[in-house]
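Take a look at the structure below.
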Amino acid sequence: MQCWDCLSEAVKLLTCGLVCLGKRQRPELEAPLLSSPSPRRRARYERYRQGEHSQKRRGRDKAPDTTHVLQHGHRDIQQDYELRNVLGQGAFGVVRMAVHRRTGLKYAVKTVWKSQLRRRADVEDLRREVQILSLLSSHPNVAALLQTYEDAAGAHIVLELCEGGELFERIAAKGVLTEREAAHFMRMMVEVRRNADVPWPAFLLSHRDIKPENFMLSDRSDKARIKACDFGLSQFYRPGRNFHSLVGSAFYVAPEVLRRDYGPAADVWSLGVCLYTLLSGLLPFFGETEEEVFDMVLHADLDLETPPWPSVSRYAKDLVRRMLQRDPSKRPSPADVLQHPWLCEAAPDQPLEQVVGRLALLHAKNKVHRAAMVVAASRLGREDLPGLHAIFQHLDADKSGTLTAEELRVGLQRQGKSVTDDELHQLVAAADVDGDGRITMAEFVAATLGNSLQQREDFLRGLFQRFDSNNDQQITADEMQQLLAGFGVTPEDIKAVLEAHDLDSNGQLDWGEFLSFMQKQTGSLQEVVRRRLSSYEDRGSSSGVAADAEEEEEGEEHQSSDR
């Protein structure tokens, strides 16, 4: 363009800054238009001309070099360990039990497949998790990191094996719990978080997903230690630089997390919810929908008056009240919590009324309800939900019949729905009920329409009939187990649900009892996850979505090949 050749470099630089750069990088207009540009602005202009400006902003989205993900040489893990049965699966890999060939000791090995590390951010997240585990591995209440291996296929992290199961499952199996025992468990949980407050070069550590499921027991003995696990959402925190991603689990999330401006104090809130549940067997904030749960977290009064709280010591209630202070600046630090009288031998050795039964029921209800919703959704055909089927096929770039984390990311970004790495991790974990790391059509429907479907009696009637295999209008424990066993639901879980909702005590659920259970049980999916998935429906009618899917089929194939 000849007109540009007549203009000075200063004008070109200023125009570039005003039009092309981000808002924060635009120059002020106070300087004379024809003043000499600074070396920094000249360099920025040259980078922009060469296309480096956009490259820098998209750097975390570029395909990474996965030759040395853990930044050390390749080593064959199978020379030292025999990899055995799968303990769990996720979006990026698998966790297996392993036996050391020389010592015979058992460990857990987390394998992250390099094929799933499609962006630099994925590699950075993995390195950060390994770094955090390394920093905390000497802590007696953290599942220790033993070794790391890497080969052409993946990165392998050898961890201490926690054979004792989840903490709350153990408590539920005890039959009785005293305040002193609850204080002992709570002290160990807070000790883990206290260790993270030791500042490494100007940083602190925030776990960001504290909940009962992330505390395991080292073994099956009565003297087993509590072990914290799953630091996948943990982040280093620099004072003054708050987090803004909506992560965590709905019932345990702090108010400031919902406002997307929070720091490590959010972990203390989550520990406070765990303490409330330990002492009462109940959740402090609940609702029929995630929206109601979040509204309760933000505004509801804390109930420390109704049973069983009158029988709980005043020291215990004082600590709960302090930890669930909505103003994070007034919340005690983990070190302060450990100095509280209730954790310093003031907890009485008296049984907590009905806590164990409530804990068992709380855990069982969530598992049974989630699995049942997926079973029900699997019966819905294309004619029932034409729009959702079209959306699912639109997201399923490789036409495998399941969705990966990367397919969800690409599909959401294509619709202008930004999603952070943390939110994507939460989305997959919440929707993936069977834990295989991929989302089926049934899981997708249950995640996007769960709340609305569980209010439809015709939908739940179909689920009831599917459970009722002999058509006697009653559902037995065996009938439920036949359909739900593949989702990790145990006979004990089903027994707990039956005992809670079998109002006529005949050992079965009739239609009314089943309806009450399904409609009153609050799901565990985050509202943000549901909103991102169901936002596809806002694009228009079902036919419109289907048409869009067909029109963009060619583009999808191209984008899939790019990935």
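Even glycines carry a Cβ here, placed using N, Cα and C.
What TrEMBL records for 31-69 (among others) is region 'Disordered'.
Residues annotated as compositional bias 'Basic and acidic residues' in TrEMBL: 45-54.
Taken from TrEMBL, the feature domain 'Protein kinase' covers 81-343.
Other Cβ atoms within 10 Å of the Cβ of K110 (ATP binding site), summed over all protein chains shown, number 25. Annotation source TrEMBL lists ATP binding site at K110.
The domain 'EF-hand' annotation in TrEMBL covers 383-418 (among others).
The domain 'EF-hand' annotation in TrEMBL covers 419-454 (among others).
Note on the domain 'EF-hand' (455-490): residues 367-368, 370-372, 374-376, 379, 433-435, 498, 506-511, 514-515, 518-519 of its chain, located 6 or more positions outside it, place their CB under 8 angstroms from a CB of the stretch. Here TrEMBL flags 455-490 (among others) as domain 'EF-hand'.
Note: the domain 'EF-hand' (492-524) comprises 20 helix, 1 strand, 12 coil (DSSP; helix = H, G, I, strand = E, B). The domain 'EF-hand' annotation in TrEMBL covers 492-524 (among others).
What TrEMBL lists as region 'Disordered' is 532-563 (among others).
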